[in-house]
Amino acid sequence: MGGTERPESRAVSGDLLLLILAPLTVFAFALFMPKALGDGDTGWHIGAGAWIVEHLQVPRTDPFSFSAAGREWMAHEWLSEIAMFAAWQFAGWRGVMLLFASAAGLLYFMLAAHLRKWMPPAAAALVLVYVTIAVLPSYLARPHMFALPMLAGWMLLMIRARERGAAPSPWLGLLMLVWVNAHASFIVGIAIAGAFGLESLIEAERERRWQVVRGWGLFGAILLVAGLCNPAGFHAYEYPFYVSRLELLKYINEWNPASFGEIGGFEVILLSSLFFLLYRPTRVPVVRLLMLLGFLHLALDHIRQLPVLVVLGAILLAEPVGRAWSDGAPRPRPPVEARHAELRPLLAVALLLLAGLAVARLALPFERPDSRGVPQAALRAVPAELRGQPVFNEYSFGGLLVLEGIRPFIDGRSDMYGDAFTADYFEISRGDMTRWRRADARWNFGWTIMRPDDLLVAKLDREPGWRRLYADKWAVVHVADKRRDPLNPARGSGK
């Protein structure tokens, strides 16, 4: 008898180890991964948080750029931005890394806890590898990294409600209050709740349908009202659709549609998932299947939505795939609380390791490295008297300029700048000198900071009235000759 119990005991231990090791490993790697700080937008998010804390209000017009100063702009992710600023104020970039590593660790803890119920440890680990492939390219210190654990937690709460056969607690409206002020993905959360409400209605017996309508209808109404409790009001509902219709998205890589011209992570995940779903026929409830197809559409339309597809897809498919591949093993597994004697020491060790890692991150010196989106050395080479003059900057450098107190020409808030302005900017950066001279005549640029591969850089090297001040692998700085004539550079320079 003892021989038959050991494999099951080892299996249970394996799933507990996964529950502890997955979030701990992700937390440890994320703590010391400078890649998270390589996005320029991090700067203006922290800058927005600083502005909100200083003025005790959310900005309603642009406080940062010189090209759109005073234009209507609402910091709709203001709660995330305050959190980012607080972490930065507390411990600099080390604090920011700790904040986002905590969000990543929480995401993996929730996923591991759900996957272990339905899958053997090896299969659950494979799913977490898929999640890592999807999330890693977009693991950046921006509010969307807070949205992923919120989306995962919300999906799990809706599934728990369905398992209980009752509508979710109205108190979850408080979570929606936080979400709507932290990230625009709250609207996906409301849609998910609506989908599970529909599933509950479809599967309910006739005599219970009115009870289902009342319970889920009340919950939905609470969510819709909570969604209005933000500085933008009803505009928060319009905002995601407004952004998705912008023509300028074609200029921004993360908003491009998925491409399968070369084998990449998306294709590997998609094809291998289809194999596992089809090799052993897997029955997915129709409403959940429609949700999956909706998330797939989002990911195909905009590659930035791939993490949403994989994270939520892993949660939705865990049960049907686990049952299809169970080989007769009981599913779901007993809750982890049933193994409290085994879990308690593991949890104690994990908490000690988490605390030790956090202290190490805060104690060890760290400087944000230069990167493709953060050319700090180039900016340090710009004299103080030049920084106050109008600058034509690379799109992704705008956040760094905001953080350094320099007013950018453009930054990652392209929804505020609009289609025409942003398209004009990108054509200039690609070397359209007619547009450049027109913009220069209007704004009277004193300097530029661009990437070396921006075509405008080579054109400015030959443009009378402009000279290089600094260049490295990340950025090139040009400064203007004060005597130049922007519309007729040859005449203004005396050539």
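Placed from the backbone N, Cα and C atoms, the Cβ positions cover glycine too.
Feature annotations, reproduced from TrEMBL:
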{"type": "TRANSMEM", "residues": "12-33", "note": "transmembrane segment"}
{"type": "TRANSMEM", "residues": "91-111", "note": "transmembrane segment"}
{"type": "TRANSMEM", "residues": "118-137", "note": "transmembrane segment"}
{"type": "TRANSMEM", "residues": "171-196", "note": "transmembrane segment"}
{"type": "TRANSMEM", "residues": "216-237", "note": "transmembrane segment"}
{"type": "TRANSMEM", "residues": "258-278", "note": "transmembrane segment"}
{"type": "TRANSMEM", "residues": "346-364", "note": "transmembrane segment"}
With the transmembrane segment (118-137) as the reference, find which of 91-111, 171-196, 258-278, 346-364 contributes the most Cβ pairs under 8 Å.
258-278
So what's near the transmembrane segment (216-237) in sequence-distant terms, Cβ-Cβ under 8 Å and 6+ beyond its ends?
58, 60, 74-76, 78, 167-168, 170, 172-174, 176-177, 180-181, 184, 186-187, 189-190, 193-194, 196-197, 200-201
Could you pull out which residues elsewhere in the chain have a CB under 8 Å from any CB of the transmembrane segment (346-364), counting only those six or more residues past its ends?
16-17, 20, 24, 27-28, 31-32, 91, 94-95, 97-98, 101, 105
